[in-house]
Amino acid sequence: MATLFIADLHLCVEEPAITAGFLRFLAGEARKADALYILGDLFEAWIGDDDPNPLHRQMAAAIKAVSDSGVPCYFIHGNRDFLLGKRFARESGMTLLPEEKVLELYGRRVLIMHGDTLCTDDIGYQAFRAKVHKPWLQTLFLALPLFVRKRIAARMRANSKEANSSKSLAIMDVNQNAVVSAMEKHQVQWLIHGHTHRPAVHELIANQQPAFRVVLGAWHTEGSMVKVTADDVELIHFPF
């Protein structure tokens, strides 16, 4: 058996091929797992659990079917879907996790997270993140009419795209000191995260020992998952 990790699907109605690929994954590989962990940015945007978008209902039903089959499903918020709430989690059978979680997997201590908190060189983004994660601001936003939230979200995505176009790739990647600090805080030798869309397995030193950082790929033209078994930790890409 294996535990599976995915992230950064950025599901939206404009990308039906990715949605179809995810549905096949849920009906196939996911059903064989010990557990499924979704490490954020499952959706391209999330403006509230009350959004009647048919895609959201379709995904809730598909994930719930996996959960009902006996495979526990877990979710860590990403920077795109940080407002995903308890209602959708209940409808999809997912358990919401904190932004950093340590798992005991087949004899390994593994830290999992979305990964955006590791990009500490991107000062502008971290300031924005701190602002939009204020509970009072989220409560205020979610109280707005749905059409207003849609307009605000569209404007924020446009601003983010414009800002990122002028940033260096290095700034938008993780900071190595932040990586080591997180791994040493949690006393782990394995870290799995997404966010950067730069799939790779990196070797480093943490806790004065060899350590590994496994980065999930985004689901653009193919699927990406990390498969953890008693024998191995594999970063796997597969066609939709």
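Cβ atoms here come from the backbone N, Cα and C positions, even for glycine.
When secondary structure is read from DSSP and collapsed to three states, Asp41 (Mn(2+) 1 binding site) falls in the coil class. According to Swiss-Prot, the feature Mn(2+) 1 binding site maps to Asp8, His10, Asp41, His197.
Residues or ranges marked as Mn(2+) 2 binding site in Swiss-Prot (evidence: sequence analysis): Asp41, Asn79, His114, His195.
The annotation substrate binding site is assigned in Swiss-Prot to Asn79, Arg80, Asp122, Ser160, Asn164, Lys167, His195. Sequence-distant contacts of Lys167 (substrate binding site), defined as residues of its own chain at least six apart whose C-beta falls under 8 angstroms from its C-beta, comprise Asp122.
Neighbour counts of Cβ atoms within 10 Å were compared for the binding-site residues Asp8, Asp41, and the top value is held by Asp41. In this view, His197 (Mn(2+) 1 binding site) is surrounded by 18 other Cβ atoms within 10 Å of its Cβ, with every protein chain counted. Using a 10 angstroms CA-CA radius around Arg80 (substrate binding site), the binding-site residues that qualify from Asp8, His10, Asp41, His197 are Asp8, His10, Asp41. If you count neighbouring Cβ atoms within 10 Å for each of the binding-site residues Asn79, Ser160, Asn164, the highest count belongs to Asn79.
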